[in-house]
């Protein structure tokens, strides 16, 4: 392997000079700086400066680096452990365990984090729904198996909570493998997630990779690729259907922006890196389904200042099959998950994919909620008394639908002391159809809040002293 030496250190940017005439390390190669016998730092080659000088980004703190230190070319990009042994473990960007468990032996299978996306003839085009057990998602923005989903929302509206619930439901109900990638988020959240998953018994079905907000931008920029590489092994070698969670894809863009500034590139719109679309494409094009297996990706997207036209979320939109938009006004009303049923979308909400009944119920729900939103302006100015009887009925049913879209989560049990619920798609459709058809008009609104299937509404109403008068509702209660 060729050797060079450090000629300049500017924060996290390190310039390394190699002898002219010898083979220079390739772009994206990992270089190793040996600080002492038991301490080294990994750099990644970003660009060539000329005269044998390569500009690199450090994956760790550059404390202690100085000019003249020897640097070795590893001959490949950053390589991380792959395979079934990664399940139940926690890694950093370099694939090193950070959970206090045993190190992986030198001969353990590894894979480089930089790869080409699958070729067109390797891709599959089947369109199948992935049941999540979350009513608002399954009804109005169903997720495709092997698709890409964006969870959009500002700070503190529940993106990470939905991701945790999805991991729980997929592991418990589908026995599926998940890879969780924490990109630039709070270390506390990662710590909580690890222990919650351990307690709920789903950790042994999950590999976790973290590059948190206290780490250098180089690590935060590459950690998503580390998680993706682990997921690709399960798809390509073991032929599995994998869920890849990225929390948060905005921090991936943000880290790229920091690296771009450190490299001295001229910024683009709103101060983002000029290579924003390219970097996003290199990541997203690898997240796909092949004839061997699938990767279903669920990505939390922080929206700066709730501005959806910001280049970071706007660039992400282009790659998504479904969007789940979280709305702060619903949080203020105490409706969880705070998913906006009218702004959230899915390309899978098509009668040929979900079936005619599902499609009809979903569009009727959207129509009645849209009409309610229009009537709210009249109500806020003139009050309910100015509405016609038909409009009052629309408002009453819309409010019941809005509350019935809320649901208790398994992962929130420790905070709420209320058991979570998993609702199959068939039960979800049945419940909303009964509300739309007027079978539950005589039940109080509060009975619909924070429940699972429609049977829970009837039981809750009974506890409140209200017995349904509708024959269909009575028959369901007797069952």
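In case you wondered, yes, glycine gets a Cβ from its N, Cα and C as well.
Here is what Swiss-Prot records for this protein:
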BINDING   153, 154, 155, 156, 157, 158, 159, 160  ATP binding site
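Annotation note: residue 153 (ATP binding site) sits in a strand segment as assigned by DSSP.
Sequence-distant contacts (6 or more apart, same chain, Cβ under 8 Å) of residue 156 (ATP binding site) comprise 331.
Look at the binding-site residues 153, 154 and count other Cβ atoms within 10 Å of each Cβ; 154 has the fewest.
Cβ atoms within 8 Å of the centroid of the Cβ atoms of 153, 154, 155, 156, 157, 158, 159, 160 (the ATP site) belong to the same-chain residues 302, 326, site residues excluded. The secondary structure of residue 158 (ATP binding site), as reduced to three states from DSSP, is coil rather than helix or strand. Counting every protein chain shown, the number of other Cβ atoms lying within 10 Å of the Cβ of residue 159 (ATP binding site) is 27.
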